[in-house]
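Asker: One structure follows; several queries about it will come next.
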Amino acid sequence: MLHEKLCSLEKSEPHPQTTLCSVVCTGTCSHFNALSCDECLQLGPRCAWCTLQNFTDFFSINERCDTPEALLQKGCSGKFVEFPVTNVKVLKDQGLGKSANHTNVSYVAPQKMRLQLRPGSQLTFQIQVQEPEDHPVDIYYLMDLSASMIDDLKMIKDLGSMLSKEMATLTSKFRLGFGSFVEKPVLPFIKITHEELANPCRSVDYECLPTFGYRHLLSLTSSIDKFNEIISKQQVSANIDVPEGGFDAIMQAAVCGDRIGWQNNSMKLLVFVSDADSHFGMDSKMSGIVVPNDGECYLDDNNEYSMTAHLEYPTLGQLVEKLVENNILLIFAVTDNQRQNYENYASLIPGATVGVLASDSRNILELIMTSYKELRSEIDLEVLGNTEGLQISFTALCQDGTIIPGCKNCSNVKAGDVVSFNVTVELKGCLAGPRRFSLRPVGFQDALEIELESQCVCDCHQTPEASSAFCSRGRGALECGTCVCDPGFVGPKCECTEGQEQISDCRQILMCDYMCSGLGECFCGQCVCHPSSFGRVYGPYCECDNFSCLRFRGELCGGHGECDCGECVCHSGWMGEFCNCSTSNNSCLSPDGSICSGRGKCVCGKCECTVPGASGEWCQRCPTCGDICITFYFLNCLCNCLYNYSTDCPEPPNAPLIALGVCMSVLIIGIMLLVIWKFLVSVHDRKEVAKFEAEKAKAKWQSGTNPLFRSSTSTFKNVTYKSRGQQNTYIS
């Protein structure tokens, strides 16, 4: 909605002068300048419209749209306020299960309701579900009859009898059916030579049936003998690729309800048995089949899928749609090597489970019973229908007393247990028409049907007063307190003709001669102010607003006043240009009960000290002010002296003598400390000299040649000089 978008914009890009969300999102609907009742309702769930005829004599037309409380303060009494409220109406509720006093037993309550929501509003209701004690069960056994399943076919020859015996302890209404599948009988999924078509197992020297897509063999029946008989007659077939055409078979078993024999009130279980993956989607394009699967039933007179070679495999989404639509629960019984593939499929199919099948299907009975009990022990709500534009949330109230917000399923449910779900529906915006959807527990036939209407149209628009005297003597119809003018007339009361202008009435010289201050348009002699996302623009010339006042600490008028035409109008107890000054003196009272300790004045809730030297929160500190008792004593003495003309008052102390005494004392103490320090230093020096002399006397010096010393004189013989007995000496 508009106000939600504006709020999100404000949060991401806040305006420096105002906070839009603090004004708009708190429900002040008049800021959007709605000009009709319908526009007003769409602004938010707290917006109401005043239909009082003379309301605009004191307020502009957009002021008709506001919260009910604000309209009441403006003088619009309750009978003139158009304010549709969100409500829920239960249309059908016949109770649960055996407790219902009706022939048609239901396991979901209520069964039908109507919701009426304002845009942006939400409501919560409760739905109850009971697990049936003797629920009819239909099991359709859909088996892969490719050659690899030959040992499985032998193992299930008594499956019908065993299933019937086990199910008898859980329900008295149990039926079985049977169908089989292999693959599309086209290239490249099979070999198409004449011999291979007749016997696809020819290469392994075994006689088997020609390849077929899907074959329905036994409609759901309570005759276990018929089921066993059909099983005993089955033969395998073959194909040459690994994946099979199982999804073709699931689609036909789901949509051919009349041929299969599904009961409306039964728990429908489709047991899919295979040891291979399945083709889906566009896999058939490699065989030249390009026509999409249409989800229709195509069983011929022989109960075979007649379009297997003409339609593509169904997509997983198509399977989900048809299984949910026909309320069929799928049990995948597959071998361990295919478990992961089918778990991925089951995660997308409501109510589907996966069980690991032994290589020869010897555990098929245990697998079916385990899956059935698992499905019976869990109640999971699903939403069906068109819920676009709605937000639906759930809270589960399970049978053991646990409350799980955000959850729509309960586990470990036993036959006869009742669980509840709180369902919250929120409407984002107006709907084009009634919206229908339903809530149904997975595997149940019963459901809660819901019809939802958006309250975006005012009732007062349904009963207009044509040619009303209020609209300039019949120039328009009166709807919701405002005039809807006839062609050729305009104005709040249709008082002007189209094209008529009275610009001179809209001019204001003080606003630089701009028409309507540049913030509106002249309409039939009056200024119609433009809407502003920051607040309200008003005044005869659109010269005023309620958002351009001064701010204190980021808040308009300090948070203690209202902005009116650019000036702050302070609330009671506040004053000042910013409305940030309290008029109360309570915060200025000192502990002795005086205001600012008698040394200052209270300004804006704080003490301003006026006595020199006074300080502190209440001016309680003042070193230069003196003790009040001493001051009073001296003043009393002075008064007595003057009055008695005597000099009996004590003489003041001799200040120069006191100062001289203090100086002499400091000087003497300093000299004494200096003498003591000099004496201690001299004693220490004498001790150090004596110690040095003693060490010197103990030292013994030796003379000798220093091995590191080398003389500067060198003597050598000059071999070229032959003078007898003579040598040359050099000093280097």
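Each residue, glycine too, has its Cβ placed from N, Cα and C.
Heads up, here are the entries from TrEMBL:
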type     : residues      : note
DOMAIN   : 28-77         : domain 'PSI'
DOMAIN   : 36-458        : domain 'Integrin beta subunit VWA'
DISULFID : Cys40-Cys76   : disulfide bond
DISULFID : Cys50-Cys65   : disulfide bond
DISULFID : Cys201-Cys208 : disulfide bond
DISULFID : Cys456-Cys460 : disulfide bond
DISULFID : Cys471-Cys483 : disulfide bond
DISULFID : Cys480-Cys516 : disulfide bond
DISULFID : Cys485-Cys494 : disulfide bond
DISULFID : Cys522-Cys527 : disulfide bond
DISULFID : Cys529-Cys542 : disulfide bond
DISULFID : Cys565-Cys596 : disulfide bond
DISULFID : Cys570-Cys579 : disulfide bond
DISULFID : Cys609-Cys619 : disulfide bond
TRANSMEM : 657-677       : transmembrane segment
DOMAIN   : 678-724       : domain 'Integrin beta subunit cytoplasmic'
Asker: Would you mind reading off the Cα separation of Cys201 (disulfide bond) from Cys50 (disulfide bond), to the nearest angstrom?
Answerer: 84
Asker: Taking each of Cys50, Cys522, Cys565 in turn, which of these disulfide-bonded residues have a Cα lying within 10 angstroms of the Cα of Cys76 (disulfide bond)?
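Answerer: The disulfide-bonded residues close to Cys76 (disulfide bond) (Cα within 10 Å), listed in sequence order, are Cys50.
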Asker: Within 10 angstroms of the C-beta of Cys460 (disulfide bond), what count of other C-beta atoms is obtained when all protein chains are considered?
Answerer: 18
Asker: How does the model score the domain 'Integrin beta subunit VWA' (36-458) in terms of mean pLDDT?
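Answerer: In the predicted model, the domain 'Integrin beta subunit VWA' (36-458) has a mean pLDDT of 92.
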Asker: Quiz question: given the disulfide-bonded residues Cys485, Cys516, Cys565, Cys570, which has the greatest number of C-beta atoms lying within 10 angstroms of its own C-beta?
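Answerer: Buried the deepest by this measure is Cys516.
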Asker: Counting across all protein chains present, how many other Cβ atoms fall within 10 Å of the Cβ of Cys609 (disulfide bond)?
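Answerer: Cβ-Cβ neighbours of Cys609 (disulfide bond) within 10 Å number 19.
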Asker: Please spell out the DSSP helix, strand and coil residue counts for the domain 'PSI' (28-77).
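Answerer: Looking at the domain 'PSI' (28-77) with DSSP, the answer is 24 helix, 5 strand, 21 coil.
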Asker: Give the distance between the Cα atoms of Cys529 (disulfide bond) and Cys485 (disulfide bond), rounded to the nearest whole Å.
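Answerer: A Cα-Cα distance of 20 Å.
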Asker: Between the Cα atoms of Cys570 (disulfide bond) and Cys542 (disulfide bond), find the distance and write it as a whole number of Å.
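Answerer: Cα of Cys570 (disulfide bond) to Cα of Cys542 (disulfide bond) measures 23 Å after rounding.
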Asker: Long-range neighbours only, meaning 6 or more apart in sequence with Cβ under 8 Å: which ones does Cys471 (disulfide bond) have?
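Answerer: Ala477, Leu478, Cys483, Val484, Cys485, Lys493, Cys494 - these are the non-local Cβ neighbours of Cys471 (disulfide bond), listed in sequence order.
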Asker: Using Cα-Cα distances with a 10 Å cut-off, which of the disulfide-bonded residues Cys40, Cys516, Cys609 are near Cys456 (disulfide bond)?
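Answerer: Cα within 10 Å of Cys456 (disulfide bond): Cys40.
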Asker: Want to know which disulfide-bonded residues, from Cys40, Cys527, Cys542, Cys565, are within 10 Å of Cys65 (disulfide bond) at Cα; which are they?
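Answerer: Those close enough are Cys40.
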Asker: Rank aside, I only need the closest one: which of the disulfide-bonded residues Cys50, Cys609, Cys619 has its C-alpha nearest to that of Cys480 (disulfide bond)?
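Answerer: The answer is Cys50.
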